[in-house]
Amino acid sequence: MPSVSSVLWRSCLGLEHVGAGAHSPALCFGFFSSLRPSEPFLTAFLLGPDHNLTEEQVVNEIYPVWTYSYLALLLPIFLATDYLCYKPVLVLQATSLVVTYARGLLAMQLLEFFFGLATASEVAYYSYIYSVVEPAHYQKVTGYCRSVTLFGSAAGSLTGQLLLSLAKVRLVHLVIITLASSAVAFIAPWFLPMPKRSLFFHMGAGEGGLRSSTALSSETGSQGSGFVKVLRILFDDFLQCYRSGPLLAWSLWWALATCGYFQVVNYAQALWENVRPSQDYEIYNGYVETLSTLLGEGADSSGALAALLVGCLPLSWTQWGELALCVLSLLMAVCVFVMDTVRNIWMCYASYIFFRATYMLLITMATYQIAASLSMQRYALVFGVNTFMALLLQSLLTVVVVDSFLIYGCYFAVISLVFLLAGVYKLASRRRCRQGGADSPESDSPSTQDASSTR
């Protein structure tokens, strides 16, 4: 029988609807997999005496491996996650996090591949939670689980900075702490109960979602044909979802902006290292990542700040959404230009925080707009497709140019221009429709008379 404190704890967290053996390991995994004190100082660590790699090797030969591996693995992991009922992929993700530590160029490239695998496998964490709670509790449980990963990420960055600034520890010690945290995260998934249902391949009786999924087991006798049928259903739903003009517009911004966001975040530390070398000065990357996480990532995690801002803005997103995306994308472009041109570390830090907060505010709004008219299954599909397109664009951008914040600033300026044109076209079309509606009574009467005289 569970203790009174355990019942009260689960009730306070909103996890009273989660299976008895699932809540503690799931929250433990979410927290410790995000607790990475060394992450804000990764570039400084690779360029320092522990690895002694050059900036060109780190920027051009190591970091791009994450982008390419994430892109290549996203679709297979997305399907395998649901087909294998989540838990095996969670174990795979935890294993990938543990093995992301080694020395040397080739070893670091291999470990970037494993980190890409771990990143692609993140979908399994939230999908697992959805498989053990009822659909009515998705939003509440998602918020709490995302808050755990948010707190883990912020705590990791802050811990790393405090240890570096106050205790004067070496960067390699932060890596050891991160490894220990990943080891704890590796243990947690083994204690999770195996789900009996999933969003696509193993849906329970009477569940909705993709229109043919519930009939999948009765219509096909083999797993192979069932897999093909689910792929066909996913493709049909893909076509149906993206026929919606508003969803297509928000998804376009999602893919374009996320591509640029990944590039800026991936190479920001290299920029800071050029402005304020860690070998000569004390760096404060951990404080910056902590603050930007609390202000920004909370938005991606359905955080209170971004949700409050979105709810309080006196703006009709249906009517003015494209122009709002234009203005805020332009602000993001300005932040990137400031990071590139102003060789002051504090301006770089401030611009980076504002850039992430603006992106997360908009991605929250995009999430709300896209998810409003979709089931959980279709939202998972659209989210996967949008992320895949963002990674495809990022891979193309990485091939063309790496670590050029001037190009990234121009990229966001182009996004702003695209949505300016889209917003102006939308307003002009709406005005023409109104004028046409106002003129229709006058224009209809002569044609009605002509038609009656003809008869």
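Every residue gets a Cβ built from N, Cα and C, even glycine.
Note that this is a predicted model, so its numbers are computed, not measured.
What TrEMBL says about this one:
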TRANSMEM  65-85  transmembrane segment
TRANSMEM  106-129  transmembrane segment
TRANSMEM  141-164  transmembrane segment
TRANSMEM  171-192  transmembrane segment
TRANSMEM  247-268  transmembrane segment
TRANSMEM  323-343  transmembrane segment
TRANSMEM  349-368  transmembrane segment
TRANSMEM  380-399  transmembrane segment
TRANSMEM  405-425  transmembrane segment
REGION    435-455  region 'Disordered'
COMPBIAS  443-455  compositional bias 'Polar residues'
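The stretch with the most CB contacts under 8 Å to the transmembrane segment (141-164), chosen from 65-85, 106-129, 247-268, 323-343, 380-399, is 106-129. The stretch from 65-85, 106-129, 171-192, 323-343 with the most CB pairs below 8 A to the transmembrane segment (380-399) is 65-85. The stretches the transmembrane segment (247-268) and the transmembrane segment (171-192) do not meet in space: the count of Cβ pairs below 8 angstroms, excluding pairs fewer than 6 apart in sequence, stays at fewer than three. Long-range contacts of the transmembrane segment (65-85) within the same chain: residues 109, 112-113, 115-117, 119-121, 123-124, 127, 131, 194-202, 227, 231, 262, 266, 384, 387-388, 391-392, 394-395, 398, each at least 6 residues beyond the stretch ends and with a Cβ under 8 Å from a Cβ of the stretch.
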